[in-house]
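So the structure is just underneath, and the comments pick up after that.
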Amino acid sequence: MAYPFQLGLQDATSPIMEELTNFHDHTLMIVFLISSLVLYIISLMLTTKLTHTSTMDAQEVETIWTILPAAILVLIALPSLRILYMMDEINNPVLTVKTMGHQWYWSYEYTDYEDLCFDSYMVPTNELKPGELRLLEVDNRVVLPMELPIRMLISSEDVLHSWAVPSLGLKTDAIPGRLNQATVTSNRPGLFYGQCSEICGSNHSFMPIVLEMVPLKYFESWSASMI
């Protein structure tokens, strides 16, 4: 999860987030090299008064600075497209959970079970227990099995929302009248926090998301107790 004064990304918990982190590092290195080259050229131009006459009109140079940026863009685009297709692909999910956004709470329905649905509201600050996080804790957590592909169906009952859990690499818009889907897969157990990431009204900041990823046997026990 996030911590105060954090500069980097949250620790990756899903294969998709691991790919996104690697892509971020890959792109950042390219940007760093380009910035270093530009600063070097600018410093040379500022510190020398000599002019190379052949560079005033050089077809070779113009060809290079046309082809080189195109090649760099390809190096950025190819891994980006790969991850984009990975995020959109859902293979044989073991569980489907329908998520509906409301002003200002989330409701969840486990479509593979009868009558397993609940609303999830933020816990007010004055009701927090020791160890719980302010503005991030909810009264009903979303319990899911770890290391298994889970399909999330996401929509909204009123205005635009966005269901986002950074450590899982998830951010999917909740649009009224439209059903979007995303894949949830966690490599380890734990609590993972997110929030609504689309400004949706005065209480937009008070729509937290808490996923509790547990081993399959614990999930089966929890689901049996909820039905």
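Cβ atoms are placed via backbone N, Cα and C, with glycine included.
The topological domain 'Mitochondrial intermembrane' annotation in Swiss-Prot covers 1-14 (among others). Counting only same-chain residues 6+ beyond the ends of the topological domain 'Mitochondrial intermembrane' (1-14), those with a CB under 8 A from a CB of the stretch are 20-21, 24, 166-170, 184-188, 190-193, 213.
Taken from Swiss-Prot, the feature transmembrane segment covers 15-45 (among others), and the record attributes it to similarity to another entry.
The topological domain 'Mitochondrial matrix' annotation in Swiss-Prot covers 46-59. Across the topological domain 'Mitochondrial matrix' (46-59), the model assigns an average pLDDT of 72.
The feature transmembrane segment is assigned by Swiss-Prot to 60-87 (among others).
Positions annotated as topological domain 'Mitochondrial intermembrane' by Swiss-Prot: 88-227 (among others).
M207 (Cu cation A1 binding site) falls within neither a helix nor a strand when secondary structure is assigned with DSSP, and so counts as coil. Summarising the annotation, Swiss-Prot assigns Cu cation A1 binding site to H161, C196, C200, M207.
Annotated Cu cation A2 binding site per Swiss-Prot: C196, E198, C200, H204, in sequence order. The secondary structure of C196 (Cu cation A1 binding site), as reduced to three states from DSSP, is extended strand. Under a cutoff of 8 A between CB atoms, and with a sequence separation of 6+ in the same chain, the neighbours of C196 (Cu cation A1 binding site) are G101, W104, H161, S162, W163, A164, H204, M207, I209.
Residues or ranges marked as Mg(2+) binding site by Swiss-Prot on the basis of similarity to another entry: E198.
Sequence-distant neighbours of Y218 (phosphotyrosine): no residue of the same chain at least 6 apart has a C-beta under 8 Å from its C-beta. Look at Y218 (phosphotyrosine): DSSP puts it in a helix. Summarising the annotation, Swiss-Prot assigns phosphotyrosine to Y218 and lists similarity to another entry as the type of evidence.
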Non-local Cβ contacts of C200 (Cu cation A1 binding site) (under 8 Å, 6 or more apart, same chain)?
G101, Q103, W104, V159, L160, H161, M207
Position of peak Cβ density within 10 Å, selected from the binding-site residues H161, H204:
H161
Same-chain residues at least 6 beyond the ends of the transmembrane segment (15-45) whose Cβ lies under 8 Å from its Cβ atoms:
9, 72, 75-76, 79-80, 82-83, 86-87, 166-170, 183, 185, 187
Could you give the number of helix, strand and coil residues in the topological domain 'Mitochondrial intermembrane' (88-227) as assigned by DSSP?
21 helix, 61 strand, 58 coil
Neighbours of the Cu cation A1 site H161, C196, C200, M207: Cβ within 8 Å of the Cβ centroid, same chain, sequence order.
G101, Q103, W104, W106, S162, A174, Q195, S197, E198, G201, H204
Around M207 (Cu cation A1 binding site), how many other CB atoms lie within 10 A of its CB?
27
